[in-house]
Amino acid sequence: MANNSPALTGNSQPQHQAAAAVTQQQQQCGGGGGATKPAVSGKQGNVLPLWGNEKTMNLNPMILTNILSSPYFKVQLYELKTYHEVVDEIYFKVTHVEPWEKGSRKTAGQTGMCGGVRGVGTGGIVSTAFCLLYKLFTLKLTRKQVMGLITHTDSPYIRALGFMYIRYTQPPTDLWDWFESFLDDEEDLDVKAGGGCVMTIGEMLRSFLTKLEWFSTLFPRIPVPVQKNIDQQIKTRPRKIKKDGKEGIEEIDRHVERRRSRSPRRSLSPRRSPRRSRSRSHHREGHGSSSFDRELEREKERQRLEREAKEREKERRRSRSIDRGLDRRRSRSRERHRSRSRSRDRKGDRRDRDREREKENERGRRRDRDYDKERGSDRERDRERSRERSKEQRSRGDGEEKKHKEDKEDRRHRDDKKESKKKHSRSRSRERKHRSRSRNAGKRSRSRSKDKSSRHKNESKEKANKRSRSGSQGRTGSVEKRKREHSPSREKSRKRSRSQDRSHKREHNDSKDQSDRQDHQSSQSGEPESQEKEHKSKDETV
């Protein structure tokens, strides 16, 4: 009930000039029926408020999901953008107002309006009527558009969908104000899929107000106080019984005249009523039976003419509907042809543009290919040059490396030869030096021993001579001794011995220096064999 509060203030008594005209027509109809309630005057806005869920239109979820998933709603109705296009679609496509198409729901032999199932129960193929009803809801109709639906004169199904739109979207407190002036509407329509359930607009509206069920779905619930109020008001408005005889014919004629008028504002054409004829006939009864018979014949003739006029009117209506359908189809075909021609022209222009673009793209691609080819050829040339250079450099480098290796090997052979020669020369020099040293050492030892022995002998001799001659000779012996000692032979021998000692010392020092140098070189070169040989030679010398 929270959703009802904003709608109650803004939409208390909806009315329209067309509805007022319809009520005036019903009031003008004579005989039997109760008087309709006049429309309440008042200003109301054109914006029509919605009641309940503003996204689902208060439809059953199963029906709504089938509507949204149907290809008819997604493809064909999506192209319809205006109110008039949807109304034309209703005129050509709707043949019943049941939510499901015939034979699409399996109710397992259940009978009745709902098939023994409350709500939806089982799904099926949703009808075009409910798809178009939800399409109207997506357009957010105004008050004027809704009144145009419920007062439409071309098809009763347009009016039926308008009333169903009101039942689903308007507050329950406003339903009586919407439906009151149409409760006695006698226009027939077949509401069941496949036919077989003909009812009038008034009967359909009474079922909308008193019952929640509509075939295999449910309308939005009406609050209990509002429902009681509606029931009481319906009791005060009983159904009109169809009249027999001339008055029934007159009622049908007036209904036809009302249907004939496109807008409800048009005044009804004045016709001769059967009441007037009856009053005139009673007034003329006193003149005789002949006048009464004449009057009766005239009345029969008038009824026959009226029937013929009705048949003509029906034929005209059929021809008009056919002509309208043809005109609409022709206009649509013309529009389609124009749109197709325009689309063809546009497509031709687009094709030309696309061709030009493709040509330009091809030119650009050719240029790019040529440029790429040139760049590729240049790159290949550069690569070949670089390869040749690298090959030359590699060949040069290989030759240089070979030469360098050969030079290194030659140097190594030379160094090895030199070292071997040096080793042989060193070994020979060492052997020679060793031999010379050994010889010199023998000579020195021999010379030293000889000198010592000679000196010892000389000293012993001198001592003996001194002892023997000390007493006899005296000073002469001493002088001679001095002379002998200072003789040149003695001095020469002494000098020789001293020079030999000096030379022997020098040779010994030279040999030591050479041996030290050789040891130093051998330690630096790291040759263990030479070191062992030198050690052996040193040991031998030692």
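From the backbone N, Cα and C atoms, a Cβ is placed for every residue, glycine too.
Swiss-Prot annotations:
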COILED    293-322  coiled coil
COMPBIAS  1-12  compositional bias 'Polar residues'
COMPBIAS  13-28  compositional bias 'Low complexity'
COMPBIAS  244-256  compositional bias 'Basic and acidic residues'
COMPBIAS  257-285  compositional bias 'Basic residues'
COMPBIAS  292-328  compositional bias 'Basic and acidic residues'
COMPBIAS  329-345  compositional bias 'Basic residues'
COMPBIAS  346-419  compositional bias 'Basic and acidic residues'
COMPBIAS  420-447  compositional bias 'Basic residues'
COMPBIAS  448-465  compositional bias 'Basic and acidic residues'
COMPBIAS  478-491  compositional bias 'Basic and acidic residues'
COMPBIAS  498-520  compositional bias 'Basic and acidic residues'
COMPBIAS  530-542  compositional bias 'Basic and acidic residues'
MOD_RES   Ala2  N-acetylalanine
MOD_RES   Ser5  phosphoserine
MOD_RES   Lys228  N6-acetyllysine
MOD_RES   Ser289  phosphoserine
MOD_RES   Ser291  phosphoserine
MOD_RES   Ser319  phosphoserine
MOD_RES   Ser321  phosphoserine
MOD_RES   Ser445  phosphoserine
MOD_RES   Ser470  phosphoserine
MOD_RES   Ser472  phosphoserine
MOD_RES   Ser478  phosphoserine
MOD_RES   Ser523  phosphoserine
MOD_RES   Ser525  phosphoserine
MOD_RES   Ser530  phosphoserine
REGION    1-41  region 'Disordered'
REGION    233-542  region 'Disordered'
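Calculated from their C-alpha atoms, the gap between Ser319 (phosphoserine) and the residue listed as 'N6-acetyllysine' amounts to 46 Å. For the coiled coil (293-322), the model gives a mean pLDDT of 80. Ranking the modified residues Ser319, Ser321, Ser445 by how many Cβ atoms sit within 10 Å of each one's Cβ puts Ser321 at the top.
Sorting each residue of the compositional bias 'Basic and acidic residues' (448-465) by its DSSP state yields 18 helix, 0 strand, 0 coil.
Within 10 Å of the C-beta of Lys228 (N6-acetyllysine) there are 11 other C-beta atoms, taking all protein chains into account. Counting in whole angstrom, Lys228 (N6-acetyllysine) lies 42 from Ser321 (phosphoserine) by their C-alpha atoms. Helix, strand and coil counts from DSSP across the compositional bias 'Basic residues' (329-345) read 17 helix, 0 strand, 0 coil.
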